[in-house]
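Enquirer: So Swiss-Prot has the following annotated:
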type	residues	note
BINDING	G15, A16, S17, A18, S19, G20, K21, S22	ATP binding site
Amino acid sequence: MTDQSHQCVIIGIAGASASGKSLIASTLYRELREQVGDEHIGVIPEDSYYKDQSHLSMEERVKTNYDHPNAMDHSLLFLHLQALKRGSAIELPVYSYVEHTRMQETVRVEPKKVIILEGILLLTDARLREEMNFSIFVDTPLDICLMRRIKRDVNERGRSMDSVMAQYQKTVRPMFLQFIEPSKQYADIIVPRGGKNRIAIDILKAKISQFFE
């Protein structure tokens, strides 16, 4: 855990795929932005840091286990968090779920007073945990996560239901049990029921608001 006097405060939100992490992150961002302004708060998704696979064939890319820590470029994310804390802008990678690789373009992210970082594997990496001022684990039952994941991946990411189910059985559930669920022990706050937990969101807003005082 880092000292709260740092210029840029990093808040980590982790949990299973489709647990409601993104909803909590976007809700906190939207509501706090209305209070403090867009220049003071931002969101960075861990998904942007999936490793570049442009050197692989599409057949090889689709075999990648996206739920294993090795699929993530956490070294780059770590360097970017350090840069933001120094007051430097970063070039955020852009990842395509259709092409299964990183795109050539990037998105410039300026340092903010508060950065909300969200992703499934954030708490599995000790380097990232050390950069966080505090961390949250969204604890949603796996059956609910699966239903949400099917709806999301089919509608938003161009996947078939069969491919989503096959991936869930082969990698998503096993990797959750092996890596993601055990990382819950490192969270400072555990939020049940995901983005629908209004009381938890209000508590988190109050906690984060302290960094703007």
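Heads up, the Cβ atoms here are built off N, Cα and C, so glycines get one too.
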Enquirer: Which residues, sitting 6 or more apart from A18 (ATP binding site) on the same chain, put a CB under 8 Å from its CB?
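Expert: For A18 (ATP binding site), the qualifying residues are T140, C145, L146, R148, R149, R152.
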Enquirer: Once G15, A16, S17, A18, S19, G20, K21, S22 are set aside, which residues in the chain still have Cβ within 8 Å of the Cβ centroid of the ATP site?
Expert: I120, V138, T140, C145, R148, G194
Enquirer: Which has the fewest other CB atoms in a 10 Å radius around its CB: S19, S22, the listed binding-site residues?
Expert: S22
Enquirer: What are the non-local neighbours of G15 (ATP binding site), defined as same-chain residues 6+ apart in sequence with CB under 8 A from its CB?
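Expert: Residues satisfying the criterion: K21, I120, F137, V138, D139, T140, I180, G194.
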Enquirer: Please list, in sequence order, the residues in the chain of G20 (ATP binding site) that are at least six apart in sequence and whose C-beta is under 8 Å away from its C-beta.
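Expert: Expected: V138, T140, R148, R193, G194, G195, K196.
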